[in-house]
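Colleague: This is the structure, below, for whatever I ask next.
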Amino acid sequence: GILPECKLVPEEISFVLSTRENRDGVYLTLQKLKNGKMFKNSDLSSKKVPFLIHGFISSATNKNYADMTRALLDKDDIMVISIDWRDGACSNEFALLKFIGYPKAVENTRAVGKYIADFSKILIQKYKVLLENIRLIGHSLGAQIAGFAGKEFQRFKLGKYPEIIGLDPAGPSFKKKDCPERICETDAHYVQILHTSSNLGTERTLGTVDFYINDGSNQPGCTYIIGETCSHTRAVKYLTECIRRECCLIGVPQSKNPQPVSKCTRNECVCVGLNAKEYPKKGSFYVPVEAKAPFCNNNGKII
């Protein structure tokens, strides 16, 4: 038929595995990993393993994820796993049909979440990766997938993921849903959400901390015509800059808005990014932002 299939075969989901030794990454499937000698003599117990999960009509090779992978590897000797579920995300469909496929892509998110939960279980049980070293980072539908992975993983009774970072979690089809059917603060010990678009994302609070960047909509520097898509993907770029630069974006508690960032202390404000959970404050934060990369609002201040 004419309708897009956006067909997802879990066994065919692939991923790009990148390390400092192999920055360009190796394309693998879970089957190859299980049968391969890849980690035969590697001790992975000290390795941090972030999973990156792309969104609708995207893929693991998208420049934004490649940039984030590079930033993560520059910072730390880790193993980055970028999940590629492009078929299920309608990325290979005919241009005009891609968008009609959205409900199908939404349907596929649970299966991808289950795949990631199974994958992390294998890493922990077979390759001795420590649960405390796993972190999920997902954008748009990928953020919803991270939530489903968190729910699935808890069924194994091995504990909870330490952290999920949801980058502008997809709003359409999820806005009115309750916890079991969307990303939720109980999906990991710490769930960090960046809100950057009110139409493609959601204004609803979802995590342990919710950062509303520029009030969570219409990002500066995004022009009117492609504004929504630009604002939506900005969440990925913001996190990449926060990986590159410590305390690049500082969040002010919503209750204190419009307090300037310069008045922030470590006890009341929180830095967006990999160290957010080191700060005591939880809840909703307002994050002013610049229009151009590196977007930082801290003027060199580190709290």
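The first residue you see is number 1, and the count goes up from there.
Even glycines carry a Cβ here, placed using N, Cα and C.
Annotations for this protein, taken from Swiss-Prot, read as follows:
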ACT_SITE  SER140  active site, nucleophile
ACT_SITE  ASP168  active site, charge relay system
ACT_SITE  HIS232  active site, charge relay system
DISULFID  CYS6-CYS90  disulfide bond
DISULFID  CYS179-CYS184  disulfide bond
DISULFID  CYS247-CYS271  disulfide bond
DISULFID  CYS248-CYS296  disulfide bond
DISULFID  CYS264-CYS269  disulfide bond
Colleague: If you measure from the Cα of ASP168 (active site, charge relay system), which of the recorded positions CYS6, SER140, CYS179, CYS247, CYS296 is the nearest?
Modeller: SER140
Colleague: Out of CYS90, SER140, HIS232, CYS264, point to the one nearest CYS179 (disulfide bond) in space (Cα versus Cα); all of them are recorded positions in the record.
Modeller: SER140
Colleague: Out of CYS184, HIS232, CYS248, CYS271, CYS296, the recorded positions in the record, which is closest to CYS90 (disulfide bond) when you go by Cα distance?
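Modeller: Minimum Cα distance from CYS90 (disulfide bond) across CYS184, HIS232, CYS248, CYS271, CYS296 lands on HIS232.
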Colleague: By CA distance, which of the recorded positions (CYS6, SER140, CYS184, HIS232, CYS264) lies nearest to CYS271 (disulfide bond)?
Modeller: CYS264
Colleague: Just jot down the residues in the same chain as HIS232 (active site, charge relay system), at least 6 apart in sequence, with C-beta under 8 A of its C-beta; none if empty.
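Modeller: Residues satisfying the criterion: SER140, ASP168, THR196, SER197, LEU200, GLY201.
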Colleague: Tell me, in order along the sequence, which disulfide-bonded residues from CYS184, CYS248, CYS296 have their CA within 10 Å of CYS264 (disulfide bond).
Modeller: none
Colleague: Given the disulfide-bonded residues CYS6, CYS184, CYS247, CYS269, which lie close to CYS296 (disulfide bond), meaning Cα to Cα within 10 A?
Modeller: CYS247
Colleague: With H, G and I counted as helix, E and B as strand and the rest as coil, say where DSSP puts ASP168 (active site, charge relay system).
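Modeller: Assignment for ASP168 (active site, charge relay system) reads coil.
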Colleague: As a test of the contact definition, list every same-chain residue at least 6 positions from CYS248 (disulfide bond) whose Cβ is closer than 8 Å to its Cβ.
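Modeller: Sequence-distant Cβ neighbours: GLU241, CYS242, CYS271, VAL272, GLY273, PRO294, PHE295, CYS296, ASN297, ASN298.
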Colleague: Pop the Cα-Cα gap between CYS247 (disulfide bond) and CYS269 (disulfide bond) into the table, whole Å please.
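Modeller: Between the alpha carbons of CYS269 (disulfide bond) and CYS247 (disulfide bond) there are 11 Å.
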Colleague: Looking only at CYS6, ASP168, CYS247, CYS271, which of these recorded positions has the biggest number of Cβ atoms within 10 Å around its Cβ?
Modeller: ASP168
Colleague: Just to confirm: which same-chain residues, 6+ apart in sequence, have a Cβ under 8 Å from the Cβ of CYS184 (disulfide bond)?
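Modeller: When sequence neighbours closer than 6 are ignored, CYS184 (disulfide bond) has GLY147, VAL191, LEU206 within Cβ distance under 8 Å.
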Colleague: Quick one: of CYS179, CYS296, which of the disulfide-bonded residues has the smallest count of other CB atoms within 10 A?
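Modeller: Ranked by other Cβ atoms within 10 Å, the disulfide-bonded residues CYS179, CYS296 bottom out at CYS179.
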